[in-house]
């Protein structure tokens with residue numbers, strides 16, 4: 001058994017600092033101005049300010065980093081602190097550090113479509129670094145409706161003339177291929193691709209990165225990672241909660257846009273892509289684009305849509321269905337669950353179904369990749385053997401394990417299912433790594449774009465799903481109902497069986513969710 005390693009947060013941060021400071025792309029001595037556009041909003045309050053605080057607390061930001069909030073609301077830094085501090089989870093011992101953090105914060109009031117406001121912002125930023133070399137990082141925590149005006153004004157007025165400029169853009173990146181192309185063309189006309197960071201919070205999960213190492217650093221997997229040995233691949237993203245009063249926003253996009261076309265499609269690329277020439281960002285993203293180009297538009301016959309209804313035995317939120325959310329339009333047919341089958345039409349994966357499924361108000365919280373291997377040829381054990389599976393689970397508890405057949409103790413050849421545990425968490429016990437948001441923000445400071453979506457990736461992803469989305473919006477099919485807290489609609493299980501997946505509900509492994 002591997003020796004267990006227990007590292008404190010201080011030790012982990014020390015290792016990360018050493019890695020960062022040895023990285024030429026991490027300009028430790030430079031002045032950095034981190035500008036939060038939309039600083040008065042929920043995203044800034046709940047995610048961005050807390051993330052910047054955690055990085056500052058742990059000494060993972062360049063020493064001369066200043067944070068500037070920008071929004072229309074008449075606020076002060078004290079107001080920002082009151083709004084965001086409850087999400088910082090700061091301990092009493094961290095109060096002095098917290099006060100130091102807010103001395104590096106400032107707030108500028110301005111309009112999003114007013115050139116004069118941006119001239120004022122630019123003057124303020126320049127005063128911070130007093131004409132010295134400085135790098136500007138703009139986080140657009142804004143609705144997409146104002147992206148065009150904001151990016152145009154930033155490019156015309158607020159760009160650093162002495163350092164680098166980087167723009168962080170939040171999803172959704174459009175609603176379909178046409179709107180996405182329109183937004184991409186606009187942003188690409190203003191900034192180079194190496195300045196654009198389209199953030200997908202899911203892409204920097206530690207286990208998502210580990211998938212690449214698992215595939216390409218272990219010879220044992222290379223010969224079997226193909227359609228000759230794998231019968232199907234299942235990519236799952238399940239949430240145990242519903243819209244919880246925020247259905248109005250969700251109803252505009254639905255589960256396909258929210259999860260499937262983004263998170264799950266990115267996971268599919270990492271499973272299916274060929275080995276990149278290097279681990280450089282563009283080499284990895286080149287291979288992901290090649291995979292996407294091999295996928296045809298999703299066919300309606302290979303899609304199941306569902307919408308949760310209240311659980312008659314449930315309590316609180318579980319007793320309510322999607323349509324009981326007062327913010328959801330009456331009679332909405334928006335899907336809260338979707339299962340779709342895609343095929344990668346190349347030599348490695350020809351004929352192998354990639355089953356994508358995601359949903360809200362399901363029976364558990366889980367995100368995983370499951371590769372199910374083909375049946376044993378020439379079975380001598382009287383069909384008692386189950387299919388082998390390799391499971392890479394991202395949440396809730398990161399795990400890597402494979403299910404295998406071993407002999408049951410006794411006189412005769414009775415196979416039974418067991419696990420071969422590859423989970424690195426068993427070795428690195430209680431090691432707390434930075435979360436996805438922290439890692440992604442650090443990537444922006446370092447100029448690493450591997451975990452950000454490139455323009456051509458975005459275009460290919462929308463190409464695959466746009467015809468389906470338009471058909472759904474045009475015809476408004478009634479989604480299959482499923483009870484809050486269930487596995488989802490039974491029709492989805494039938495679709496999975498139809499394309500070759502075998503459900504093994506009898507096996508109870510050691511990896512509880």
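Even glycines carry a Cβ here, placed using N, Cα and C.
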Checklist entry - Hey, Swiss-Prot has NADP(+) 1 bound by 38, 39, 40, 41, 42, 43, 44, 45, 147, 171. Any idea which of 72, 104, 215, 219 it lists too? => result 72
Item to check | Among 44, 72, 89, 421, 423, which are recorded as recorded positions, the nearest neighbour of residue 360 (D-glucose 6-phosphate binding site) by Cα | outcome: 44
Checklist entry - What residues, ordered by sequence, lie under 8 A Cβ-to-Cβ from residue 503 (NADP(+) 2 binding site) and sit at least six positions away in the same chain? => result 493, 496, 497
Checklist entry - Three states by DSSP: which one describes residue 42 (NADP(+) 1 binding site)? => result helix
Item to check | For residue 171 (NADP(+) 1 binding site), the one of 239, 263, 423 that lies nearest, given that the recorded positions are compared by Cα | outcome: 263
Checklist outcome for this item: Three-class DSSP assignment, residue 357 (NADP(+) 2 binding site), comes back as strand
Checklist entry - According to DSSP, does residue 395 (D-glucose 6-phosphate binding site) fall in a helix, a strand, or coil? => result strand
Checklist entry - Given residue 357 (NADP(+) 2 binding site) and residue 40 (NADP(+) 1 binding site), what distance in Å do their CA atoms have, once rounded to a whole number? => result 35
